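Undergrad: Here it is, the structure in full.
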Amino acid sequence: MAKKNAMTTTNGWIEAICGPMFAGKTDELIRKIKRYEYADVKSLVFSPATDTRSAQEIINSRDGRRIGSIKIKKAFEIYDYVLLHKPQLVGIDEVQFFDDSIVEVIQTLADNQINVIVAGLDRDFRGEPFGPIPKILGIAESVIRLTAICSECGAEASRSQRLIDNQPADYNCETILIGDTESYAPRCRHHHKVPNRPINDQTKNFKRALKNNFDKIVEQSSKD
């Protein structure tokens, strides 16, 4: 049985941990779950079968933390495990790989006094919202947004740069590509590149005008 003051808020809440690759999301998820386990809070941890980087029943963080997990293909499988094991806390890693049904599952758990902590990428390699994450952030009581360090300049990195033969991946590549340092690097906004990103003509004209204005300023400065 969980210790009396193990949960500091009313039972039935959602906490989301998000950010780019290499930001420590899984490490933070494991840390939080283990912290509650020290107070005898019963937990279950799930991860998508899509993610093949870890062993079948283990989640590994890049900092060496490990925790047991249940690999599932569909979000609704969580219900069966919860009914069987009756946890007070559910953790879900790599939540971006599930379809939108995960939002209903998370909401249902929280509505029924089960606390939920999820971790996942908030943006795909294009820098755009990833899968169900925007909806999850919208229903969460708490959001922890982590950053990594840009591999180009050392600034705060909020994006995951996909690399193919050490070159930025084209916008039209498949959204999901399971990989690690061989395929991805953390980047800040200004060093994140996505070739062939669709852009509106008005935006093109605006950017062209900005560049022309900047070039004129530089030219004038050189004359002065």
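Glycine too: its Cβ is placed from the backbone N, Cα and C atoms.
What Swiss-Prot lists as active site, proton acceptor is Glu94, and the listing cites sequence analysis. According to Swiss-Prot, the ATP binding site annotation covers Gly19, Pro20, Met21, Phe22, Ala23, Gly24, Lys25, Thr26, Asp93, Glu94, Val95, Gln96. Under the heading Zn(2+) binding site, Swiss-Prot lists Cys150, Cys153, Cys188, His191, citing sequence analysis as support.
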Undergrad: Apart from Cys150, Cys153, Cys188, His191, which residues in this chain have a Cβ no more than 8 Å from the mean position of the Cβ atoms of those residues at the Zn(2+) site?
TA: Ser151, Glu152, Gly154, Ala155, Ala157, Arg187, Arg189, His190, His192
Undergrad: Within 10 Å of each Cβ, count the other Cβ atoms and name the one among the binding-site residues Cys150, Cys153 with the highest count.
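TA: Of Cys150, Cys153, the one with the most crowded Cβ is Cys150.
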Undergrad: For Ala23, Val95, Cys188, listed as binding-site residues, tell me which one has the smallest number of other Cβ atoms within 10 Å.
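TA: Counting other Cβ atoms within 10 Å of each of the binding-site residues Ala23, Val95, Cys188 gives the minimum at Cys188.
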Undergrad: Which secondary structure state does DSSP assign to Gly19 (ATP binding site), in the simple three-class scheme?
TA: strand
Undergrad: Which one is closest to Cys188 (Zn(2+) binding site) in space, judged by CA to CA distance, out of the recorded positions Met21, Lys25, Glu94, Val95?
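TA: Comparing Cα positions, the candidate nearest Cys188 (Zn(2+) binding site) turns out to be Met21.
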Undergrad: Relative to the Cα of Val95 (ATP binding site), which of the binding-site residues Cys150, Cys153, His191 has the closest Cα?
TA: Cys150
Undergrad: Identify, in sequence order, the residues in the chain of His191 (Zn(2+) binding site) that are 6 or more apart from it along the sequence and have a CB within less than 8 Å of its CB; answer 'none' if there are none.
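TA: Same-chain residues close to His191 (Zn(2+) binding site) (Cβ under 8 Å, separated by 6 or more) are Cys150, Ser151, Glu152, Cys153, Gln161.
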Undergrad: Round to a whole number and give the Cα-to-Cα distance in Å for the pair Ala23 (ATP binding site) and Glu94 (active site, proton acceptor).
TA: 13
Undergrad: If H, G and I count as helix, E and B as strand, and all else as coil, what does DSSP give for Cys153 (Zn(2+) binding site)?
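TA: Reduced to three states, the DSSP call for Cys153 (Zn(2+) binding site) is coil.
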Undergrad: Give me the CA-CA distance between Lys25 (ATP binding site) and the residue listed as 'active site, proton acceptor', in Å, as a whole number.
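TA: Lys25 (ATP binding site) and the residue listed as 'active site, proton acceptor' have their Cα atoms 9 Å apart.
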Undergrad: With every protein chain in view, what's the tally of Cβ atoms within 10 Å of the Cβ of Asp93 (ATP binding site), excluding that atom itself?
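TA: Result for Asp93 (ATP binding site): 25 neighbouring Cβ atoms inside 10 Å.
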Undergrad: When you measure from the Cβ of Gly19 (ATP binding site), how many other Cβ atoms are you left with inside 10 Å?
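TA: The answer is 24.
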Undergrad: How big is the Cα-to-Cα gap, in Å, between Gly19 (ATP binding site) and the residue listed as 'active site, proton acceptor'?
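TA: Between the Cα atoms of Gly19 (ATP binding site) and the residue listed as 'active site, proton acceptor', the distance comes to 11 Å.
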